[in-house]
Amino acid sequence: MSPQTETKASVGFKAGVKDYKLTYYTPEYETKDTDILAAFRVSPQPGVPPEEAGAAVAAESSTGTWTTVWTDGLTSLDRYKGRCYHIEPVAGEDSQWICYVAYPLDLFEEGSVTNMFTSIVGNVFGFKALRALRLEDLRIPPAYTKTFQGPPHGIQVERDKLNKYGRPLLGCTIKPKLGLSAKNYGRACYECLRGGLDFTKDDENVNSQPFMRWRDRFVFCAEAIYKAQAETGEIKGHYLNATAGTCEEMIKRAVFARELGVPIVMHDYITGGFTANTSLAHYCRDNGLLLHIHRAMHAVIDRQKNHGMHFRVLAKALRMSGGDHIHAGTVVGKLEGEREMTLGFVDLLRDDFIEKDRARGIFFTQDWVSMPGVIPVASGGIHVWHMPALTEIFGDDSVLQFGGGTLGHPWGNAPGAAANRVALEACVQARNEGRDLAREGNEIIRAACKWSPELAAACEVWKAIKFEFEPVDTIDK
């Protein structure tokens with residue numbers, strides 16, 4: 001290379017490696033209303049300052065890379081870079097910090113949860129300078145929210161479709177989840193629906209296996225729905241799982257469900273993927289189907305406190321991608337979930353405007369600008385003795401789903417469903433009369449047993465069943 005060429009190449013560009021914090025740590029930055037804001041729990045490697053760690057997260061999840069590149073001069077880094085604008089220590093932890101990062105809106109494709117996550121959590125979580133990294137929360141600005149359709153229908157439209165008001169909805173996951181023939185599966189659905197439930201449900205891993213192909217299941221479940229509706233005079237539904245190996249097959253299953261005239265289908269949104277989920281949500285809105293969402297695989301991502309992504313982020317992403325129901329834990333059942341934290345993301349699913357509230361794990365004020373809400377589903381290890389607590393915790397706009405708590409009734413599925421319906425009606429009536437469900441719950445259930453032998457039998461079976469384990473993921477005190 002001639003000296004002349006060498007001189008020209010070096011003008012305005014100095015090769016080498018420089019600290020991330022020189023470019024991406026900007027504590028003086030004032031966030032914009034259009035920025036996507038992220039709160040990361042950062043655990044740096046020994047010797048890495050929190051400012052450098054936070055700046056590295058901002059850089060590697062936006063415009064930065066490990067070395068200076070000459071093409072930086074071909075764009076405006078100041079316009080497009082992510083910025084770590086605030087750092088605070090985590091209470092009770094010596095080597096963890098909450099690092100706040102602001103991302104310009106131009107970094108993200110409109111209406112794409114897939115692209116948003118690919119940027120914010122796609123690559124940086126494997127960064128060697130960090131021992132662990134967790135995305136605790138996101139603030140989605142109205143300017144980005146309005147590029148999404150959101151839930152196919154929302155809470156009010158669902159209630160109008162079902163003609164059911166003033167109480168939580170009741171559901172049941174059919175068990176055993178695998179191994180039943182389509183006809184026996186449909187029979188189990190029918191017994192639950194005629195007994196008083198609003199919905200029955202495919203479990204997350206019921207797709208189209210050799211023992212029960214999807215088309216056969218759809219037909220027998222539709223028959224169960226129509227027969228139960230004729231007997232009870234109520235609108236019934238079964239969450240027909242449309243999750244499949246390809247998007248094309250998934251849509252084909254949803255089309256068949258619509259042709260059968262059933263009210264609702266289902267999708268496993270994490271294993272199925274956000275692109276598939278958004279496609280299905282659009283189809284459901286266009287064709288009048290409600291969409292139930294299962295969160296299978298979520299705990300792989302959100303269970304550990306110092307690494308991964310909190311479920312409140314997955315819940316926000318689902319509301320944007322689209323779903324009318326989503327499983328949200330129970331607080332009192334067999335699955336992980338602290339009460340205040342669970343109520344925090346339940347509000348993020350249902351409400352239009354949610355204030356920042358660190359006591360409930362909410363790091364940012366979130367304005368959904370009239371995007372429809374999602375109904376939280378409480379499911380997993382719950383039974384009739386839990387009904388007062390569930391009614392008090394989740395309120396009317398929820399689905400309370402009893403799988404074993406229905407099918408495990410000693411007299412069969414229909415009596416199990418009747419027991420749950422009587423318990424729910426008793427709790428709702430007591431609440432409406434001003435009684436304290438948290439304090440008087442057991443008394444309310446015992447009183448209802450006098451009028452319902454099905455409930456009395458259920459109470460006897462599950463009187464000693466408890467799941468008393470401390471949650472792994474808790475709010476920082």
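Cβ coordinates are placed from backbone N, Cα and C, and glycine is handled just like the others.
On a predicted model such as this, the values are computed, not experimentally measured, just so you know.
Copied over from Swiss-Prot, here are the features:
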- Pro3: N-acetylproline (MOD_RES)
- Lys14: N6,N6,N6-trimethyllysine (MOD_RES)
- Asn123, Thr173, Lys177, Arg295, His327, Ser379: substrate binding site (BINDING)
- Lys175: active site, proton acceptor (ACT_SITE)
- Lys201: N6-carboxylysine (MOD_RES)
- Lys201, Asp203, Glu204: Mg(2+) binding site (BINDING)
- His294: active site, proton acceptor (ACT_SITE)
- Lys334: site 'Transition state stabilizer' (SITE)
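Rounded to the nearest whole angstrom, the C-alpha distance between Thr173 (substrate binding site) and His294 (active site, proton acceptor) is 12. Within 10 Å of Lys177 (substrate binding site), judged by CA to CA distance, lie the following recorded positions from the set Asp203, Glu204, His294: Asp203, Glu204. Between the alpha carbons (Cα) of Asp203 (Mg(2+) binding site) and Asn123 (substrate binding site) lies a span of roughly 32 Å. If you draw a 10 Å sphere around the CB of Thr173 (substrate binding site), it holds 24 other CB atoms from the protein chains shown. Taking a C-beta cut-off of under 8 Å and a sequence gap of six or more, Glu204 (Mg(2+) binding site) has these contacts in its own chain: Asn241, Thr243, Asp268, Thr271, His294, Ala296. For the substrate site, whose annotated binding residues are Asn123, Thr173, Lys177, Arg295, His327, Ser379, the maximal Cα to Cα separation is 36 Å.
Annotated pair Lys201 (N6-carboxylysine) and Lys175 (active site, proton acceptor), C-alpha to C-alpha distance, rounded: 10 Å. The Cβ of Lys177 has fewer other Cβ atoms within 10 Å than any other of the binding-site residues Lys177, Arg295, His327. For the binding-site residues shown (Asn123, Ser379), fewest C-beta neighbours within 10 angstroms: Asn123. In this structure the alpha carbons, written CA, of His327 (substrate binding site) and Lys175 (active site, proton acceptor) are 17 Å apart. Mapped onto three states, the DSSP output places Asp203 (Mg(2+) binding site) in coil. For Lys201 (N6-carboxylysine), the number of other Cβ atoms no farther than 10 Å from its own Cβ, over all displayed protein chains, is 29.
Comparing Cβ neighbour counts within 10 Å across the active-site residues Lys175, His294, the minimum falls on Lys175.
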